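As C-alpha cells, the structure follows; a few thoughts come after it.
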Amino acid sequence: MEYKNTLLMPKTEFPMRGNLPKREPAMQEKWAEMNIYEKVQEHTKGRPLFVLHDGPPYANGDIHMGHALNKVLKDFIVRYKSMTGFCAPYVPGWDTHGLPIEQALTNKGVKRKEMTVAEFRKLCAEYAYEQVERQREQFKRLGVRADWDNPYITLEPAYEAQQIKVFGDMAKKGYIYKGQKPVYWSPTSESALAEAEIEYQDKKSASIYVAFPVKDGKNVLEGDEKYIIWTTTPWTLPANLGISVHPELEYAIVKVNDEKYIIASELFETVAKTLEWENAEVVKTVKGSELEYTVAKHPFYDRDSLVMLGDHVTTDAGTGCVHTAPGHGEDDFVVGKKYGLEVLCPVDDKGVLTEEAPGFEGLFYDKANKPITEKLEEVGALLKLTFITHSYPHDWRTKKPIIFRATAQWFASIEAFRKELLEAVAETKWVPAWGETRLHNMVRDRGDWCISRQRAWGVPIPVFYAENGDPIITDETINHVADLFREHGSNVWFEREAKDLLPEGFTHPGSPNGEFRKETDIMDVWFDSGSSHQAVLEERDDLQRPADLYLEGSDQYRGWFNSSLSTAVAVTGKAPYKGVLSHGFVLDGEGRKMSKSIGNIVVPKKIMDQLGGDILRLWVSSVDYQSDVRISDDILKQVAEVYRKIRNTFRFLLGNLDDFKPSENTVAVAELREVDRYMLVKLNDLITKVKEAYETYDFAAVYHAIHNFCTIDLSSFYLDFAKDILYIEGANHEDRRAIQTVLYDVLVALTKLVTPILPHTADEVWPYIPGVTEESVQLTDMPEAVQLDDAEALKTKWDAFMTLRDDVLKALEVARNEKVIGKSLNASITLYPTAEMKTMLESINEDLKQLFIVSEYKLGGMMEEAPADAPKYEHTAVVVAQATGETCERCWVVSETIGKDAEHETLCERCATVVKENYVK
C-alpha cells in the first residue's frame with residue numbers, strides 16, 4: 001500500500017504565484033462586466049451616506065506616485081466604509097482648465113495667434129478630454145473603485161454653470177470687487193497668480209544699500225541727512241514713492257566723515273560693519289513716529305519720496321528704513337493707500353519697464369538691475385553692492401521668478417468673511433491635528449484672493465461693462481449666463497458679442513445707447529475646483545454637502561482645502577467638509593524629491609507592469625502616509641515578500657479546506673478544544689484591531705496586524721502544529737474538523753479584512769472559499785468579532801503557553817545546531833518549568849507533543865530540580881534528547897509502537913489505526 005496516498009495533503013486550484021500584472025487586468029474586466037460599482041451602490045442603498053469628495057487631479061500627463069498614493073488611500077476608505085454599514089459613493093473628478101494645457105498645445109506646435117480664442121479653447125478642451133481618458137485608465141488599473149463612467153470634469157457645461165452661480169452668490173453678498181492692487185505676477189505666463197501657484201526656490205539677487213537725501217526735515221531733521229534703504233530688487237526703484245519707518249523704533253542719525261545717515265538704532269552695528277564705516281558716531285536719536293511726513297529726494301528722478309509709518313518694518317535685515325513702491329508690494333500698497341500715494345507700476349505684462357521708468361524703458365525687469373545700479377553709482381547714491389542667494393517666489397509652472405505688480409484685477413474679499421472662515425476651520429476635524437493650525441494661520445494672514453487671470457483657457461468672469469465703465473453683475477445677468485453655459489458651454493462667451501450674452505431687452509442706466517462690453521479675464525483655476533462643493537456635492541443626487549471627508553496632499557492646505565473653504569463659507573456660511581485628512585509627498589528610497597535631473601522617478605505604471613497593482617496598494621498601506629513617504633525597488637521588494645506571505649496563507653487555508661463543507665462539517669464553538677478557541681480569540685482580536693485601525697485611517701496598523709497574524713499566529717504556531725492533524729488523521733476526525741472550522745472562520749474574515757487594501761487578491765480568493773454565495777467579496781460586510789465567554793481566561797493561559805513554547809523552540813534550535821537532533825520531530829523533550837508554568841501545563845488537555853511538534857514530551861520536576869547542564873530559560877529548563885524508537889513512514893513521528901501492527905509494520909500505532917479505519921476495505 002502506498003501510504004503517501006492516505007495522507008490528506010492540501011488541495012486547491014488557487015495559484016501559488018500571484019502573476020498580478022496578468023491576472024489583475026482580467027479581474028478588472030470581470031468587475032466591469034458585473035458593473036461592480038453599481039452593484040455595491042445597489043447593495044448598500046438606504047444606508048447612511050459617507051461621502052469622500054475627490055479633489056480633482058490636473059488633467060495633464062501620466063499619473064505619478066503622488067496621484068497613486070492619493071487615489072489608493074481614498075479607495076481604502078471608500079471600500080472599508082461600504083463594508084461597514086455605509087453607502088459610500090465615490091465620484092472621481094478632473095481639473096481641466098489653466099495654463100499647463102495652453103502650454104502643452106503651444107509645445108505641440110499649435111499656432112494660437114493664427115486662430116480665434118474660441119478655436120484655441122476648443123483645442124484645449126479636446127486635449128483635456130484626452131488627458132482625462134489617459135488618467136482614468138491608469139487610475140482604474142490601480143484597482144480604484146469609482147463611478148468612472150460619470151466623473152465630474154470642471155470644463156463640462158453643467159459644472160461651469162454652477163461655478164458661475166457661486167461667483168454670482170459671492171458678488172451678491174458684496175464679496176467680489178475690482179481693484180488696482182499688487183498681485184503675484186508671472187512675466188513668463190503673463191498672468192496674475194494665486195498664492196497656491198507659487199513656489200519658493202533659491203535665486204541670486206543684487207543686494208544694494210542706497211542713500212536718499214533729505215529734502216524737508218520738518219524741523220525734526222536738519223536737511224543734510226540721508227535715509228539709507230536696502231533692497232534686493234533694484235528694478236523697483238523707478239517706482240519708489242516713499243520710505244517706511246516703524247513708529248515705535250528708535251532711529252539714529254549717524255555721522256560718518258562728512259555725511260549724516262538715518263538708520264534704525266538697533267541695526268547700527270550691522271550696517272556699520274556691512275558698509276565698512278570707521279569712526280561712525282551717533283549724533284542724535286529720534287523716534288520713528290517723529291520722522292512721519294519728512295520728505296526725501298528720489299536718488300535719480302526729480303520727485304519726492306515721502307517718509308511714512310508702517311508696522312511692517314522690522315529689524316530682521318536691512319536698515320529699518322524701507323524702500324516703498326506701492327505698485328510693487330502688498331505692504332507698500334497698504335501704506336501708500338493710507339498716505340494717498342498713487343499706485344505707480346512702470347512694468348508691463350511681459351515684465352518690461354515702460355515709459356514711466358525713464359532711462360530704463362524697454363528693459364526686461366531683471367536686466368534693468370545693472371543699469372539702475374550703475375545710475376545710482378553715477379549719482380553717488382550707491383553705498384554698497386553685493387550679491388546674495390535667497391529664497392524667492394517662482395511660478396510653479398514655468399519655474400521662473402515672479403514679481404509683485406499692481407494691476408486691475410478681480411478679487412474675492414477674504415476680509416469680509418474671515419471670521420466665519422476661522423470658525424469653519426475650528427469646527428472641522430483635522431487629521432493630522434496640525435492641519436488645523438496650518439489652515440487657521442493661512443486664513444488669518446491671507447490677503448484678499450485675486451481671482452482673475454489674463455488667459456484664454458478657463459471659465460470667463462461673468463461681468464459686463466456699461467458705456468460709462470460701470471461693471472454689471474446682477475441676479476438676472478448671472479442666471480442668464482449660467483443658463484447659456486449650461487446649454488452651450490463657456491465657449492459661448494468667446495463666440496458671441498456682449499449684447500448676445502445679455503438677457504433679451506436688457507437695459508442699464510450706464511448704457512444709454514444700449515452698448516455693452518464683456519470682461520475678457522478668466523477665473524483662477526482654484527475657483528474652478530473650489531466650486532466643486534456646489535457643482536458636485538450639492539448637485540448630484542448620490543452625494544451631499546458637507547462631505548464627510550476631503551483627502552489630499554499637504555500642499556492643498558493652501559490650494560483646494562483653502563479655495564473650497566473660501567467659496568463654501570462665502571456661499572453657505574459653512575465649511576464644505578466635516579473632516580480633512582492630508583498626506584505627505586512621495587520621495588525616493590534615500591528621502592530625496594523625485595526629479596528628472598536626478599533620474600530617481602518611480603512611475604506607478606512600471607510598478608504595476610512588473611509587480612502588480614496590489615503590491616503598490618500594499619506599499620501604500622505600509623507607510624506612515626501622514627508624513628513624506630519613501631519608495632524604491634528595495635522597499636517594494638520587502639512589500640512583495642509580505643504579499644507572498646499573505647498569499648501563501650490564503651493558499652494554505654484553501655488547500656486544507658478542500659473537503660470542508662461549512663453546512664455539514666462545522667464544529668460548534670463549545671465543542672472546540674481550548675487551543676482552537678484560543679485561535680478564535682486571536683482572530684477576534686485581529687478583527688477588532690484591524691477595524692479600529694481602518695476607522696482611524698491608520699492603514700499601517702492594518703498592514704502590520706495582518707502580516708503579524710499570518711506569520712506569527714498562523715504560520716509559526718497554529719498552522720504549523722495543525723498539519724499533523726490535518727494531513728494524518730482521517731477526514732472526519734473531530735480534531736481535524738475542529739481545526740478546519742477555525743481555519744474556515746480565519747479564511748473568510750481574513751479575505752474580508754484585506755479587501756480594501758488588496759481587492760484583486762481578495763476577489764481572486766473569494767470564489768474558492770467553500771459555501772460562499774456572493775458574486776464578489778465587495779458585496780459583503782466586514783467580519784464581526786465574536787466575544788467568547790472564556791476569552792480572557794483563554795488568553796491568559798495560552799499567551800503564557802506561547803511564551804513557554806518560545807523557550808522550548810530556542811532549546812530545540814540549540815540541540816539542532818549541536819547535532820543532538822536533526823529536525824524537531826526527532827526530539828524527546830523534558831521540561832522543568834516554574835511553578836506557575838507547571839500548573840498551566842498540567843491543565844492542558846491537548847496533546848502537548850503535537851503542540852511542540854516533537855515525538856515525545858515529558859514533564860519533569862520543578863525548574864530548580866533540572867539537571868545542572870540543562871539549558872535554563874525564563875519559564876523552564878529544557879532537556880532535549882533523541883526520541884527512542886523508529887520513524888513512522890507515514891507521519892514521521894519517532895515512536896516505539898512501530899511494527900506493533902503486523903499488517904502495517906512501518907507505521908506507528910496511530911497511523912495503523914487511521915489507515916485501517918479509513919483506507920482498508
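Cβ from N, Cα, C; glycine included.
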Correct range for motif ''HIGH' region' (source Swiss-Prot, candidates 57-67, 288-298, 882-892):
57-67
Check each of the ranges 108-112, 593-597, 903-907 against Swiss-Prot and return the one annotated as motif ''KMSKS' region'.
593-597
Same chain only, please: residues at least 6 beyond the ends of the motif ''HIGH' region' (57-67) with a C-beta under 8 Å from a C-beta of the stretch. Say none if there are none.
94-96, 98, 100-101, 104, 128, 131-132, 134-135, 138-139, 153, 553, 585-586, 594, 601-605, 631
Write out, in the order they occur in the sequence, the residues of the chain not among CYS888, CYS891, CYS908, CYS911 that have a C-beta within 8 Å of the mean position of the C-beta atoms of the recorded Zn(2+) site.
ILE728, GLU889, ARG890, TRP892, VAL893, SER895, ILE898, LEU907, GLU909, ARG910, ALA912
Rounded to an integer, what is the Cα-Cα distance in Å between CYS888 (Zn(2+) binding site) and GLU552 (L-isoleucyl-5'-AMP binding site)?
62
Whole-number answer please: how many Å between the C-alpha atoms of LYS596 (ATP binding site) and GLU552 (L-isoleucyl-5'-AMP binding site)?
24
Within a 10 Å radius around the Cβ, which one of these binding-site residues has the most neighbouring Cβ atoms: CYS888, CYS891, CYS908?
CYS908
The motif ''HIGH' region' (57-67): DSSP-derived helix, strand, coil residue counts:
3 helix, 1 strand, 7 coil
For a three-state summary based on DSSP, what are the helix, strand and coil counts in the motif ''KMSKS' region' (593-597)?
0 helix, 1 strand, 4 coil
Give the three-state DSSP assignment (helix, strand or coil) for GLU552 (L-isoleucyl-5'-AMP binding site).
strand
So, in DSSP terms, is CYS908 (Zn(2+) binding site) helix, strand, or coil?
coil
Using a 10 Å radius around each Cβ and counting other Cβ atoms from all shown chains, which of the binding-site residues GLU552, LYS596, CYS911 yields the largest count?
CYS911
Separation of alpha carbons, CYS908 (Zn(2+) binding site) and GLU552 (L-isoleucyl-5'-AMP binding site) (Å):
64
